[in-house]
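Undergrad: Here you go, one structure.
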Amino acid sequence: MPYVTVKMLEGRTDEQKRNLVEKVTEAVKETTGASEEKIVVFIEEMRKDHYAVAGKRLSDME
């Protein structure tokens, strides 16, 4: 049973997340041969103040 975790900054619409889950599921199905019913996709959304690059939070870089 494939498990896929997508980590991204918050702010996407439900429609964007729905499309993402559908496309990731299809890619895993085509690549691994796993049945759609066995593929699990997690979306973890992060706030910009909980994510940093080069020692700086993204919320501080705006």
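Cβ atoms here come from the backbone N, Cα and C positions, even for glycine.
Swiss-Prot feature annotations, pasted as is:
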ACT_SITE  PRO2  active site, proton acceptor
BINDING   LEU9, GLU10, GLY11, ARG12  substrate binding site
Undergrad: Starting from the Cβ centroid of LEU9, GLU10, GLY11, ARG12, which together make up the recorded substrate site, report each further residue of the same chain whose Cβ lies within 8 Å of that point, ordered by sequence.
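TA: For the substrate site the neighbour list reads MET8, GLU45, MET46.
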Undergrad: Provide the number of Cβ atoms within 10 Å of the Cβ of ARG12 (substrate binding site), excluding the reference atom itself.
TA: 14
Undergrad: So what sits near GLU10 (substrate binding site) in its own chain, CB-to-CB under 8 Å and at least six residues off in sequence?
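TA: Long-range Cβ contacts: GLU45, MET46, ARG47, LYS48.
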Undergrad: For GLY11 (substrate binding site), which DSSP three-state class applies?
TA: coil
Undergrad: Return the residue, from the listed recorded positions PRO2, GLY11, with the maximum count of other C-beta atoms within 10 angstroms of its C-beta.
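TA: Max Cβ neighbours within 10 Å, all protein chains included: PRO2.
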